[in-house]
Amino acid sequence: MSTPVILALTAGEPAGIGPELCLQLATGSRDAGLVVIASGELLRDRASQLGLQIELHDWQPGVAAATRAGHLSVRHVEGCGSTVAGRLDKANSQYVLDTLTIAARGCLNGDFDGMVTAPVHKGVINEAGIVFSGHTEFLQELCGVERVVMMLATEELRVALVTTHLPLKDVSAAITPDRLTQVTRILNADLKAFFGIDQPRILVAGLNPHAGEGGHLGREEIEVIEPTLEQLRAEGIQLTGPLPADTLFTPHWLDNADAVLAMYHDQGLPVLKFQGFGRAVNITLGLPIVRTSVDHGTALDLAGTGKADAGSLHTAIRVGEQMAQCRKATGAGELS
């Protein structure tokens with residue numbers, strides 16, 4: 001029997017589709033208790049604009065979250081000014097970050113079992129004079145951890161990244177033994193803790209074409225990747241690779257693997273997004289909390305139209321719920 005969980009859901013950029021995706025969820029019943037972290041006025045205005053009859057309930061710690069259709073629990077956050085769907089306003093940037101802080105701290109203190117994030121707009125936050133490179137880095141700093149790992153997943157495929165948002169010219173230098181070791185250990189540990197996989201089987205991509213072709217197409221595999229993987233195998237981590245990325249993503253390899261570790265962003269994610277865009281979930285590993293997110297952006301052109309697809313958000317919630325249940329059931333990864 002699954003363990004009941006309560007998840008915080010941040011509504012993201014107020015001018016984007018995040019608020020209406022949260023409201024769309026409330027039109028049906030839910031298994032997980034969801035608390036939307038957002039401005040109550042924003043949600044009421046957007047519901048009115050879309051013609052949705054949703055009753056908002058003020059939520060406080062210790063109160064059960066609404067799960068019935070037509071009802072939505074909200075932890076109201078101040079600071080959101082008048083918002084026009086589709087029109088960014090940098091004055092709302094601090095409000096957006098406040099929603100993330102409230103959700104993360106609620107996870108850390110046990111009010112929530114995990115958090116799910118709707119998309120934010122990094123550009124407008126930086127235009128407000130706030131240095132912000134993304135959810136992942138923000139939560140890493142707030143939770144005080146040295147390293148986090150970005151993993152995207154569909155029903156059929158999980159892809160984690162050694163490096164994330166780096167120019168391609170900087171990737172090789174960033175793949176150090178220390179980084180590769182930390183990322184692999186986090187991936188292995190969290191596949192156990194949050195996905196219930198006793199002995200994760202991880203495929204590791206090489207950096208260069210043909211995984212370096214024995215050093216003829218680059219020496220990173222020989223000098224960095226292979227020696228590091230050998231040390232990690234000695235720790236009991238099940239690793240296959242480094243493999244050429246162009247053949248790694250085939251059934252021959254994927255059918256016997258639990259996750260793929262790609263060296264850089266555009267090596268691993270195009271395959272996953274081609275396979276399951278709109279059904280994928282972004283997961284942050286290495287945090288002391290559960291955090292999942294949608295695989296798309298703010299979609300300003302769709303905001304306020306009622307045409308936004310909530311498929312990825314449904315997936316993010318489902319995966320967040322499963323991760324939180326797994327953690328509760330096993331006690332793995334619990335905060336001390």
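Including glycine, each Cβ sits where the backbone N, Cα and C put it.
The structure displayed is predicted, hence computed values, not measured ones.
Residues or ranges marked as substrate binding site by Swiss-Prot: His135, Thr136, Lys273, Asn282, Arg291. Sequence-distant neighbours of Lys273 (substrate binding site) (same chain, 6+ residues apart, CB-CB distance under 8 A): Leu152, Ala280, Asp295. Look at Lys273 (substrate binding site): DSSP puts it in a helix.
The Cβ of His210 (divalent metal cation binding site) has 16 other Cβ atoms within 10 Å, all protein chains considered. Residues annotated as divalent metal cation binding site in Swiss-Prot: His165, His210, His265.
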Checklist entry - Least buried of the binding-site residues His135, His165, His265, Arg291, going by other Cβ atoms within 10 Å? => result His165
Next on the checklist: Helix, strand or coil by DSSP: which one applies to Thr136 (substrate binding site)?
Outcome noted: helix
Checklist entry - Other than its own, how many Cβ atoms are within 10 Å of the Cβ belonging to Asn282 (substrate binding site)? => result 23
Checklist entry - Where His165 (divalent metal cation binding site) and Thr136 (substrate binding site) are concerned, what is their Cα separation in Å, rounded? => result 11
Checklist entry - Should Arg291 (substrate binding site) be counted as helix, strand, or coil on the basis of DSSP? => result strand
